[in-house]
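**Q** Take a look at this one; I'll ask things after.
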């Protein structure tokens, strides 16, 4: 009985069929990158905001003030009571009477205190924004004492990634790769729409979490499918190149954010392409490797005949059965033997550190005072050499040395960045970009080694 790799070699290990499916599934990397780092633009800090005075909202509504007028009047009032006032997260206990105060000269009438004797207080009446719906920060007041909630939204997304890896990873092994991929694409689209139209922070967090679950499902299954439909010699290349499309998503995202002024528009732009992936139902078949693990040899052979036909080849007629792989695996297989246990724990730690450092460096771009769009674009370009360096080195010197060196460089770069003075931001940016290049290499090698170490059903 021939093995699957023997049949695949005759059908074509990287022919026209594999190239077509590979290109289509690579688009998932772009949309996954949008979701993974989208918070940098969804939650960008508003350029101009102020702490509203008591009664300011009612007065602004009665007088039909623009946000600019309310801001000017507010700062004018605060400067009158304290000429050195500068903290946008503090205000003074002064109050406009929303029914009698003049709309044209509201500064003439403060009803709470006399001028010069007004203590500073925290902002208890909300914030005002020049562009009130430009980001989730202004939409849900993630400023001042609530600034930590922006990180909470990303934490919910990452929690969704964690749940999706377990739930949909298991589902892909049990019910099929392409079924989970298509279901996840639909889930990302629907939940992304719900995020865009969330009316409060609780709905936003719930659907952000759910979008994380399904986004992880699309990315994991797409990666596994492209590595399972090619020969073992091509698995290395496709595993690296598909991650270049993730970097392309990083590069494209600032352009989308620059052209779209509101966070809802950005959210829709990065969500709607996922519905396009539903068309793959007609062009991307189930992984024949997976079918063999589920004892569906005839379906696997039917797909292999179709692959051979599209590749301009023909399978030998004596192929009536194909030797399958491991049957009925469980999570215990990951730690069953000493060697497998060692590999699993090392890779788990490598996944953790790579994700934390990578996302930390990406998020850092969002808090710099430079041009957010340009800085983010340049940092994305800085990731591209990672794949080239991996391709040039891993066949010559193996996987371990590039992985170790990339982690050391990333760690050293992060430490140096932390101690560089703020007065030389260009140097901090260069060192951080070097760290990002190194951690991108580490991340991509972790993906590659996972597919090489584990058989189909554990992958």
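Cβ coordinates come from backbone N, Cα and C, glycine included.
Look at TrEMBL and you will find 109-459 tagged as domain 'Major facilitator superfamily (MFS) profile'. Under the heading transmembrane segment, TrEMBL lists 21-43, 152-171, 178-197, 203-225, 237-260, 266-284, 346-367, 373-394, 401-420, 426-449.
Would you situate these features in the structure and describe their surroundings?
**A** Sequence-distant contacts of the transmembrane segment (152-171) (same chain, at least 6 residues past either end, Cβ-Cβ under 8 Å): 35, 39, 43, 136, 180, 184, 204-205, 208-217, 220-221, 359, 363.
Beyond the transmembrane segment (237-260), the same-chain residues lying 6 or more positions past its ends with a Cβ under 8 Å from any Cβ of the stretch are 14, 22, 25-34, 36-38, 41, 44, 222-223, 226-227, 230, 266, 269-270, 362, 372-374, 376-377, 379-381, 383-384, 386-387, 390-391, 440, 443-444, 447-448, 451.
Within the chain, the transmembrane segment (266-284) has long-range Cβ neighbours (under 8 A, six or more residues past its boundaries) at 20-21, 24-25, 27-28, 30-31, 34-35, 38, 41-42, 178, 181-182, 185-186, 188-189, 192-193, 195-196, 211, 218, 225, 253, 256-257, 260.
Residues 36-37, 39-41, 43-44, 154, 158, 250, 375-376, 379, 403, 407, 410-411, 414, 432, 435-436, 439-440, 442-443, 446, 449-450, 453 of the same chain lie 6 or more positions beyond the ends of the transmembrane segment (346-367) yet place their CB under 8 Å from a CB of it.
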**Q** Of the stretches 21-43, 178-197, 203-225, 373-394, 426-449, which racks up the most C-beta pairs under 8 Å with the transmembrane segment (401-420)?
**A** 426-449
**Q** Can you work out which residues elsewhere in the same chain, 6+ from the ends of the transmembrane segment (203-225), have a Cβ less than 8 Å from its Cβ atoms?
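**A** Tertiary neighbours of the transmembrane segment (203-225) are 21, 25-26, 28-29, 31-32, 35-36, 136, 140, 152-153, 156-161, 163-165, 167-169, 171-172, 177-178, 180-181, 183-188, 191-192, 194-195, 239, 242, 271, 274, 277, 284, 287, 447, 451, 459.
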**Q** Do any residues of this chain, six or more beyond the ends of the transmembrane segment (373-394), have a C-beta under 8 angstroms from a C-beta of it, and if so which?
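**A** Answer is 40-41, 236-237, 240-241, 243-244, 247, 250-251, 253-255, 257-258, 361-362, 365-366, 401-402, 429, 432-434, 436-438, 440-441, 444-445, 448.
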**Q** Quick one: mean pLDDT on the domain 'Major facilitator superfamily (MFS) profile' (109-459)?
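**A** When the pLDDT values over the domain 'Major facilitator superfamily (MFS) profile' (109-459) are averaged, the result is 85.
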